[in-house]
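J.: The structure follows.
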Amino acid sequence: MGVTVIPRLLGLKDEKKIATTVGEARLSGINYRHPDSALVSYPVAAAAPLGRLPAGNYRIAIVGGGAGGIAALYELGRLAATLPAGSGIDVQIYEADPDSFLHDRPGIKAIKVRGLKAGRVSAALVHNGDPASGDTIYEVGAMRFPEIAGLTWHYASAAFGDAAPIKVFPNPGKVPTEFVFGNRVDRYVGSDPKDWEDPDSPTLKVLGVVAGGLVGNPQGENVAMYPIANVDPAKIAAILNAATPPADALERIQTKYWPEFIAQYDGLTLGAAVREIVTVAFEKGTLPPVDGVLDVDESISYYVELFGRFGFGTGGFKPLYNISLVEMMRLILWDYSNEYTLPVTENVEFIRNLFLKAQNVGAGKLVVQVRQERVANACHSGTASARAQLLSYDSHNAVHSEAYDFVILAVPHDQLTPIVSRSGFEHAASQNLGDAGLGLETHTYNQVYPPLLLSDSSPAANARIVTAIGQLHMARSSKVFATVKTAALDQPWVPQWRGEPIKAVVSDSGLAASYVVPSPIVEDGQAPEYSSLLASYTWEDDSTRLRHDFGLYPQNPATETGTADGMYRTMVNRAYRYVKYAGASNAQPWWFYQLLAEARTADRFVFDWTTNKTAGGFKLDMTGDHHQSNLCFRYHTHALAASLDNRFFIASDSYSHLGGWLEGAFMSALNAVAGLIVRANRGDVSALSTEARPLVIGLRPVVKVPAAELATSQ
């Protein structure tokens, strides 16, 4: 559910071979290194168990059954298999959501527009009265998977096998698409001018200008306006994705070039960068005046807003214009051409399969118990070798307290903040923890230390990580779905482009991006009878503007106070507008309004992440936020200071530099487990595999490592 940024989406349609299996996609992203951690390829680090644990029996908790938590479980399973006889790992997974796949029970799938969940990976099964034979699936979270997401495909390979088939996701621009912005209407597929209805479209021109200004050229002349180490970002992306780049080049990117770029541009918004690029292009004459009527300033603003709605062809970034250029550059450097769908009916199956594989690879030495409990507080408690403590409430609000050797907190930042902030930031002789403000029973702990312990003596150091987590920006996001007959696209009033009906719409109607996605539910090899109509996929302010129409949210089945039909009709109404197409003498009612109205009444559905318990869609850095995000990303390096005896680790896309993507959640899970291995081995990084060591020693430590412990951390 993250931000799709594909500068090459429209331009390189035929350059790269389309992957048809999980294994082919896995090879596409196996080498990629991110600029914040350029010294390590995460898929390579995860190719084998991350390291070894000392012999013994471990009791470990994972809080959260989403992608980060289950990936951490899988890695713990591989570690368990390496333990000697008589040793093992007992994992307790805390997951409060009754609809989680971890609590799968008869009846859940029978709920009309709700399905099983794996954290924010969730789907809604749509059926016409018979849940055993669904009509289509609404992929609420995690609906598409970039080819360069090497760790995602690594785990997909574990879950499904390399031979499992995959399909290209029908992104705007990959399928015939219509773009509507003010008086501007474009139909296109790809970015070759001959594949645009208007080869001289200002939309296509501003796309090329902004892509060049932000990305530049992979070879030849440097043209980007925001270079990294005086070269185009496209050239840096090529190094990061090379199979065998020079080690010194990667080190320079991570330790010099990328930090310099951050220092220079972390205070610059994406919107300001786009305006500067457009202004320079206009002054050079690359972009002409608009209609010869608007003056210079208004022409520049027109182009800035035009790109703001169009983006790189998959939907605009205007709602994200306040994010930092640094955050956008991370996504630009994550350079790819295609996104795919998985070989599943619903994407929750990916996480469920990985959960089952974790227990298989554990070779009988991994024991897993799932607890349907809500974790309210965490702390260290006890005298010497203080153990990690979790206080939780079950579905009847009975209080429970458990001690663990280690805890991985695998929940988004808005959920984590109250869990880790209640016990304060320094040692206390005794504390009463729990949700006393809700009138619930509490529990008394003695000799209490903060859960995210970074110092024995500095409350400010301990507060720093908690406040950093609390200040991360959570982007607002929402989706509105409906079900249509696939044959509806064959009606004569649905326009065609290049011999196919329009299947994606990007517009300023308030709906933002709209997709028609064929159902994964098919019979006897026939074409799917139904398709999911993602009527609206919005971010930030676009999402906020729709919220008053959502009725009973975040999930909107029919109720007495607000019906799904009433909610959906407001979406249809937004598309009722007059549009004038090229060559037409008059504006006519927009055909898309008619397609939206074709949807089945019973299956209209909205999911708004901001009003969901996750409190938002995905982490995204605003200007200045890099310093919070990066501290969270490096948090696991506290394990190098074994004498600190911190037993907590964090794992979520929120604590990565790829907020909203499974790849970010998986990366943070690897970080957490690598840190756990080092901590279990008293700071000895040689316990990690050679490939996994940069996960810890390749990053700047979040704590000062005492001189006596420094040798083992080298």
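Note that Cβ sites are derived from N, Cα and C of the backbone, with glycine treated the same way.
Values in this document were obtained by computation on a predicted structure and should not be read as measured data.
Straight out of Swiss-Prot:
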BINDING   GLY2, GLY68, 95-96, ARG120, 141-144, VAL375, 652-653, 660-662  FAD binding site
BINDING   ARG144, TYR537, GLY660  substrate binding site
J.: Give the three-state DSSP assignment (helix, strand or coil) for LEU662 (FAD binding site).
T.: helix
J.: What is the interatomic distance between the Cα atoms of ARG120 (FAD binding site) and TYR537 (substrate binding site), given in whole Å?
T.: 16
J.: Going by C-alpha distance, which of the binding-site residues GLU95, ARG144, SER652 is nearest to TYR537 (substrate binding site)?
T.: ARG144
J.: Hey, does DSSP put TYR537 (substrate binding site) in a helix, a strand, or just coil?
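T.: The three-state answer is strand.
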J.: Rounded to a whole angstrom, what is the largest C-alpha distance between any two of the residues ARG144, TYR537, GLY660 that the record assigns to substrate?
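T.: In whole numbers, the farthest two Cα atoms are 14 Å apart.
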J.: Judged by the number of other CB atoms within 10 angstroms, which among ALA142, LEU662 is the least packed of the binding-site residues?
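T.: Comparing Cβ neighbours within 10 Å for the binding-site residues ALA142, LEU662, ALA142 has the fewest.
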J.: Run through the Cβ atoms and count how many others sit within 10 Å of the one on GLY660 (FAD binding site).
T.: 28
J.: Given the binding-site residues GLU95, ARG120, ARG144, TYR537, and counting only Cβ atoms in the protein chains shown, which has the most within 10 Å of its Cβ?
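T.: Compared across GLU95, ARG120, ARG144, TYR537, the most Cβ atoms within 10 Å surround GLU95.
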J.: Just to confirm: which same-chain residues, 6+ apart in sequence, have a Cβ under 8 Å from the Cβ of SER652 (FAD binding site)?
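T.: Expected: GLY64, GLY66, GLY68, ALA410, VAL411, PRO412, HIS413, LEU416, ALA665, SER668.
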J.: Does DSSP give SER652 (FAD binding site) helix, strand or coil?
T.: coil
